[in-house]
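Enquirer: First the structure, then my questions, so here it is.
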Amino acid sequence: MFDFGLSEDDSELGEVDEDDGPSGFEDDLFDDEGGEKNLVESPAKNSAPFESIKGEPIDQEGVVHTRESGGGDSYLSQTRFDECSLSPLTLKGVKAAGYERMTAVQEATLPIILKGKDVLAKAKTGTGKTVAFLLPAIEVVSKLPPIDCDKKRPPISVVVVCPTRELADQAAAEANKLLKFHPSIGVQLVIGGTRMALEQKRMHTNPCQILVATPGRLKDHMENTPGFATRLMGVKVLILDEADRLLDMGFRTDIERIVAALPKQRQTLLFSATVPDEVRQVCHIAMKRDLEFVNTVEEGSEETHSQVKQMHVVAPLDKQFSILYGLLTDHISENVDYKVIVFCTTAKVTSLVAELLSELKLNVREIHSRKPQSYRTRISKEFKESKGLILVSSDVSARGVDYPNVTLVVQMGVPTDREQYIHRLGRTGRRGNEGSGILLLAPWEEYFLRSIKDLPITEATLPLIDLDTKRKVEKALAHVEVKDKELAYQAWLGYYNSNKFIGRDKYQLVSLANEFSRSLGLNNPPAVPKLVLRKMGLNNIPGLRSK
């Protein structure tokens, strides 16, 4: 049906979807020059001394570089867990979890963390960093005096802060696995989308030495749960996972409040895929001056995205649903154990695409922030354990969530930036496995390709859509609820209105939105509430209907 051979010229070429709403995003405390170049540079001949997180010279011994994952099991190092100074019970848990050799990230970070040092680790997702910070935390708790059962408010010893519910749930599950032979140590999970009263009861009646949380819900407990602030005064280790993502989602103020509520004499671990200025500023606030910076992403190392076969397709909006259907059916026919993630721009568009693909009789699940947490947990678990399934997702699945053996990632519409493209793509090609990625753009979204021109992405020829496919997709679209189309249109309008390239020209934006409306099979663009249009700065723009 579809021929995705390379075009002749290229044949030689190798809505914000958040969980817990942040309480605010403050202006940068220092300079606003982005990037990492002033933090730590890769060593070179005759290079100047490394610059520390505080901008002061440090010895080269203070920075650890390590290799990154390659093909097969090369993401594993030769170092075994039983060579590390872990207690016998923890080692039994590691072995029961099926771990024998450390990943490169674990090899680089574990010995330093076990010494009690504050550590900022630059580490990519899918490299074993969760185990790298959990094992030392478990060791700290295991060496503390036993909890007095009669104590009304026993201290919480470890706090792990994750940007999304899925990541928090994953970290808590990993902790429970590693704690198999530490029955007296308990892990509790506090995340948005669940009843606070239930969490309060669990923390009161069950052991809670390790608390895994999303920032918004943790702040809620600090403010509303009796005795919770007192329990936090016993914290020995604070872990900020996916720190750059936490800040991208606007949780800076919440993080500052959390840090202020904890004792100063503690160990702080911060893991981040990138280390921009915002992350460095959090280090100033949360970490000791003699912190260790461990860089596990060497200059020139093979990135996850370089292992993934990448293509982009440029097509008008009215052809994109048919192209998506063809891409998926072709992939399914070629891969008996297919496992696909389709990323969409907003939660409402995600819902619409999932409904359409379901009408087309594909095996589809959807996941986004508008779904209840219990549903999201169930779907995430099902997709993780299944084959022969398509997950239509907003960006709740873009980072950190480890879905094994994903064979294809499709991105519909322009990502917000280069980093988002890479993190979405990183759901496939993990741990040395192969994978494919396809970016589906409209002609007016081609500008984005300039930001990823250094990546090994090639242009696929525009596939021909046969009449049968076109009719099948149009029929399925006709069965999609009109209300869902209206909500998707409004969300689409909001997403592209906030895009600095497309949203600048409001008249052109409305024209494109109405093109999207027609691609949904609507004769007239849906009416949008006047208040919403006013907030978008789109009132009185010709072509829009208000209500």
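Every residue, even glycine, has its Cβ placed from backbone N, Cα and C.
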Enquirer: Out of 213-216, 241-244, 365-368, 373-376, let me know the one Swiss-Prot marks motif 'DEAD box'.
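Expert: When 213-216, 241-244, 365-368, 373-376 are checked in Swiss-Prot, motif 'DEAD box' belongs to 241-244.
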Enquirer: Among 79-107, 137-165, 253-281, where does Swiss-Prot put the label motif 'Q motif'?
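Expert: That would be 79-107, the stretch labelled motif 'Q motif' in Swiss-Prot.
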Enquirer: Out of T125, T127, T130, which of the binding-site residues is least crowded by other Cβ atoms within 10 Å?
Expert: T125
Enquirer: Does DSSP give A123 (ATP binding site) helix, strand or coil?
Expert: coil
Enquirer: Restricting to the motif 'DEAD box' (241-244), what is the model's mean pLDDT?
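Expert: Average per-residue pLDDT within the motif 'DEAD box' (241-244): 91.
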Enquirer: For K129 (ATP binding site), just count the other CB atoms lying within 10 A of its CB, please.
Expert: 24
Enquirer: Give me the non-local Cβ neighbours of A123 (ATP binding site): same chain, 6+ apart in sequence, Cβ-Cβ under 8 Å, ordered along the sequence.
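Expert: Those within reach of A123 (ATP binding site), by Cβ under 8 Å and sequence separation of 6 or more, are V105, T109, K129, A132, F271, S272, A273, V294, T296, V297.
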